[in-house]
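Student: Can you read through this structure? Questions will come right after.
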């Protein structure tokens, strides 16, 4: 029983990590007023590149680096469309996302169904050996700690720093931000690139640490869950972190419940995370003030500075 | 004037050359369509590996073309049409989802012969086949029954479909036949053919419940095996010998050999005796066998497993021979009765000793 509790509570951190990374990146892009729906494609491409490079060279750092590069390259295509040509953000995001999925199949083609050993998780002298708390909190991958740290730093950046506030102004009303003398396009570009870096890390984590292996379709909708998590957390990083953890636990709870032999219809358990999303989204949407206070007003709208 | 007619003329000459080569050809054109990208193990690997068997047996009497990553949907119809337009005589379809497009094409092209893996509908020129995976599963169950120390087996299974239930039941019957002390076998249903992260998590969850043999029953990835290797528990798998993914902890695999069936069908096309029928091929035909047996099994244990396989081959043993109880406590197969093909293919119960219930 204890083992199963540890499995769910500890596993939830690992399962939540790629969701959290991608969602935080998307939240920052959306806070700057850019809806980037290519998260799924960026994660998939990064995952394929990360696995291919790590498998070939045995160097996971290089794998992560090139994966982030691949993801950023995709986001630059998106940026040119959206920031350069004022193309519709939703359509451009979907198109680049599909491109990313295609590129992931291409990059992973000769690595189909290969696996490798994951690098060992962190092990701290005393803390990791504590009962219950040790395996749950102190035996995770370094990337997991990094993801939760980034969530906290993003909260701090958006809420407490001057640059964070400028980013939010750009997302609220780019015209005013422009008139105040801020480079709207450049700030949005940085926000998109930050999102791509995070998605890239999330994808790389998925294919090298969470499920060390590559098969076409590995990301399997996790990019879309990340996009939903942003709304779930009403664009607030700490809530997103909580949502990601909850999602991770629910995704695993299903498997744990089945393995324990309870006769809950598995379809119900499998759909629980998604049902939860709908309920929370409905609840959040009912609270108009919450949305108005947190949703970037110009989300999805392009801005072209007129001289 | 010459310039105007040059292009069509050239085209006509070229097409004559092309059709000339088509008419001149003797060898039979065989095309294999696989639904996904091809890995070094698993479903698509096995679907395509049949090519080697064909080439070895028929050498230059046939040409084999392989098209992969053709999933169910409009793309499949397009790919099949193109293959047939290019002169394919025998089309081998590797996905259940190819059924409706393949049927439509077979109706349109009476000269074409189609062999569909896993389907249940036939036409005079549309044959189907399934492999008796449950036979190897019974044998791997014996291996698992021998190898477990905790008396706890765990299974990561795709969907609760009749074919999968049959494989699962045979596994548990095999395990209990050599080890009556087993605890009820734990099962996690993925409800997916393919989801590597869930595959891995399911294996971890079973291991956290004390399972020390994990059976990866049809998920299309080696994730569960890699997890078992990492956690130091035994792994059993379907379709391919996965020893490479779990070099120390690979206990047993049901190695499918689709090529045997392909070859029989191609031979029947050459002989002009092709029939649009269903084949249920097993150990006797060489379409399935145990492979990758762990070195941790003793010689006696391995001999017992292989003896059972021989008994299946000569027909003296069948896993689904009564009396067999289901896990609700009633009799599923009466004493002395052996399930026939259609009963195996419509299985709707779990045998005694499985800690899972079917939802209806």
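Cβ atoms are placed via backbone N, Cα and C, with glycine included.
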Student: Do you know which of A:113-135, A:136-158 TrEMBL annotates as transmembrane segment?
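Tutor: It is A:136-158 that TrEMBL annotates as transmembrane segment.
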Student: So what's near the transmembrane segment (A:37-55) in sequence-distant terms, Cβ-Cβ under 8 Å and 6+ beyond its ends?
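Tutor: For the transmembrane segment (A:37-55), the list is 18, 22, 25-26, 62-64, 66-71, 74-75, 78, 89-90, 92-101, 103-105, 107-108, 111, 114, 116, 195-196, 199-204, 206-208, 212-214, 218-219, 221-224, 226-227.
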Student: Given a Cβ distance threshold of under 8 angstroms, which distant residues of the chain, six or more beyond its ends, lie next to the transmembrane segment (A:90-107)?
Tutor: 35-45, 47-49, 52, 70, 74-75, 77-78, 81-82, 216, 219, 223, 300
Student: For the transmembrane segment (A:6-25), could you work out the same-chain residues 6 or more beyond its ends whose Cβ comes under 8 Å from its Cβ atoms?
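Tutor: Non-local partners: 39, 43, 132, 135-136, 139-141, 143-144, 147-148, 150-151, 154, 194-199, 201-203, 205-206, 209-210, 222-223, 225-227, 229-230, 233, 237, 240-241, 243-249, 251-253, 256.
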Student: How about long-range neighbours of the transmembrane segment (A:268-289): same chain, 6 or more residues beyond its ends, C-beta under 8 Å?
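Tutor: Sequence-remote neighbours of the transmembrane segment (A:268-289) are 225, 228, 231-232, 234, 243, 246-247, 250-251, 253-254, 257-258.
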Student: Going along the chain, which residues at least six beyond the ends of the transmembrane segment (A:61-83) come within the CB cut-off of under 8 Å?
Tutor: 34, 36, 38, 41-43, 45-47, 49-54, 89, 92-93, 95-96, 99-100, 103, 107, 185, 188-189, 192-193, 195-197, 199-201, 203-204, 208, 302
